[in-house]
Amino acid sequence: MRVLKFGGTSVANAERFLRVADIMESNARQGQVATVLSAPAKITNHLVAMIDKTVAGQDILPNMSDAERIFADLLSGLAQALPGFEYDRLKGVVDQEFAQLKQVLHGVSLLGQCPDSVNAAIICRGEKLSIAIMEGVFRAKGYPVTVINPVEKLLAQGHYLESTVDIAESTLRIAAAAIPADHIVLMAGFTAGNDKGELVVLGRNGSDYSAAVLAACLRADCCEIWTDVDGVYTCDPRTVPDARLLKSMSYQEAMELSYFGAKVLHPRTITPIAQFQIPCLIKNTSNPQAPGTLIGKDSTDADMPVKGITNLNNMAMINVSGPGMKGMVGMAARVFAVMSRAGISVVLITQSSSEYSISFCVPQGELQRARRALEEEFYLELKDGVLDPLDVMERLAIISVVGDGMRTLRGISARFFSALARANINIVAIAQGSSERSISVVVSNDSATTGVRVSHQMLFNTDQVIEVFVIGVGGVGGALIEQIYRQQPWLKQKHIDLRVCGIANSRVMLTNVHGIALDSWRDALAGAQEPFNLGRLIRLVKEYHLLNPVIVDCTSSQAVADQYVDFLADGFHVVTPNKKANTSSMNYYQQLRAAAAGSHRKFLYDTNVGAGLPVIENLQNLLNAGDELVRFSGILSGSLSFIFGKLDEGLSLSAATLQARANGYTEPDPRDDLSGMDVARKLLILAREAGYKLELSDIEVEPVLPPSFDASGDVDTFLARLPELDKEFARNVANAAEQGKVLRYVGLIDEGRCKVRIEAVDGNDPLYKVKNGENALAFYSRYYQPLPLVLRGYGAGNDVTAAGVFADLLRTLSWKLGV
């Protein structure tokens, strides 16, 4: 015997009704089947609305008409599709039910209220009609059918609207019916009868509970819950799109997940099947070939110690505390007895080890009743100061991680808390059951979605996300986007979902949180209408709960650099080749580091010095290992490396400068390079990394051009005048050559002083052979002397700089992946 249950969406129309019948028929070929049906989708909601509107004296006609139309369409669709379907008889059954419903509602209107017994009789009519219609379908197919009347066969105790079935007595009643083995068995869900023979209903998710009870009474081989999803997922797929379908889970895991908010099954449904060790299979009516999720005594997913993450929103926390709590026997019992008498469900409890306080969560809607009840119960204690005034926190959510394997595997809690910390989510309270099967945290309501997503990513090792917003799409920015596009196959292989969610130039921006199509981004940006707005990017992160957003600033803008602290505080990592932020005031420099540390975000700028060379990272690694910078010398400008290299080869200063400009090494105005300020900025960054608290004005800069030279006018005028310096530079080059040296434009750090100047270096110096646009950096430290640590390579160019930015992007994942 198998018990099947189909929910409201599964019987919403004629097509789905017949699909359910086909599933039942297929199962019946393998053995006897008993089926529990819900009301067609929306019917119960209409019935509840009719009760509420009738009591309030409002018009119920729209709800009544919609409900009648749903059944009319259902019957006509079945009549057209199924030969032999008794349309006229069943239409009469439906019409009679609605006629009775109208009479009952008229009585409610006269009374001005709806007694619970009447309410129960009204809201279960949809299930009753579903069974009548399904019986008609199988009689048309030629099957013998037995309909179990749940009011007669299921004995329930409790309230009219929330009863619990006595399985032992109900088993005897159903057995007495002696159902033939070849019959299709049908029973309306949600409904039972009390010891007076009155109709009662089984509360929320009552049809699932009905199916579990029937399976227990029949000692079924399996209870199948057919719904509109493929099974139980590790998380709500609407919150986490890459949630994984579970093959199996234990009764205890299912109970914990459902208690803490999973929507597939209600905790009451699990109790009967767990008591009688009946496997429960969750299946999709629209996708019957999917394997579904099997709930049983043990889980077969041994490789998944955590089975799911859930959240309960709209909670409030009440803290009862005070000096009188410590050592006072029975205080906790009084607190929860008050909640019980008030009919308020306590969802989560924590108590301090000092016994000074006890905290618990209740639904937000129950908060005021809970507070009043506690204040009445503890009036004297509050008045005398034995208890402190009740402390209440509102708009909270509970995030729970559930899995049998948590008992034996170390580190689950650490990873859970680490994920929340990385997302800047503050934990209000923590609770763990003695079974170690679940751990729950209380957070703010606004943080719940982000908390669930980041926890799922950490615990289930799904694709790691980087959501990139590129500002500035000139040389480096454009090259970066092209590299990201080309590297997508490699990224997918590494399970990295790197999506470009925003592209902006100085005028407009293009955004798509699901990822911009990178094969046509230039055309899309050209047609973009949305003005560039940094505030809009911040709002996107909060609105869509992005997990790992990264601002990539590929501009040279001071205005954008001034926003980095705000970006970090709002949850972005910041990756940039823009040197403006790191060479602003020392105060802003320190604010950036504090903002990054305080928000658990990364500020990465390895391309500030040396473009794609790993300069900053290597220097930081040295210093973190306890090394100390003693001295530094380096060629930090690709353009000046090229120019001074050409001087060695006999070119004049003016010719070398023109050639460097033609090859794209210099800025459009070469005076920007020849001033030495770009080198000074890079040197300041290195000095600050080494721990020196310096400003840009502290750098001693000797420009390439002597002070006596008139460098005024436009670019063409300047370049026309530049040959005036050729003889002087040729003489300096010759003098250096006589000593076996060459001229290099060098940045120096020595004893806390920073200098930028032309230096003559000999063949033993690591800078001697550096030319053609290369950078070279020589770090003399306590560990590296007398021979320095030398980094050498091309330190300019869009592609190498973009590659360095790409590497920094991947470092935003370093807390989760070894990349």
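Using N, Cα and C of the backbone, Cβ positions are placed for all residues, glycine too.
Site annotation for NAD(+) in Swiss-Prot covers Val473, Gly475, Val476, Thr555, Gly797, and the matching candidate from Ala504, Ala528, Ala581 is Ala504. Listed in chain order, the residues near the Na(+) site other than Asp606, Val609, Ala611, Leu613 are Thr607, Asn608, Gly610, Gly612, Pro614, Val615, Ile616, Asn775, Gly795, Thr801, Gly804, each with its Cβ within 8 Å of the site Cβ centroid. Applying an 8 A CB threshold to same-chain residues 6+ apart, the list for Asp606 (Na(+) binding site) reads Pro614, Val615, Ile616, Glu617, Gly804, Ala807, Asp808.
Counted with DSSP, the domain 'ACT 1' (320-394) comes out as 34 helix, 17 strand, 24 coil. On the 0 to 100 pLDDT scale, the region 'Interface' (250-470) averages 88 in this prediction. Sequence-distant neighbours of Leu613 (Na(+) binding site) (same chain, six or more apart, CB under 8 Å from its CB) are Asn775, Leu777, Leu791, Arg792, Gly793, Gly795, Gly804, listed in sequence order.
Spacing of Ala611 (Na(+) binding site) relative to Lys682 (active site, proton donor) is 11 Å (Cα to Cα, whole number).
Proximity of Val609 (Na(+) binding site) to non-local residues of its own chain (separation of 6 or more, Cβ distance below 8 Å) is seen for Val615, Ile616, Leu636, Lys682, Ile685, Leu686, Leu777, Gly795, given in sequence order. For the recorded site, Val609 (Na(+) binding site), the DSSP three-state label reads coil.
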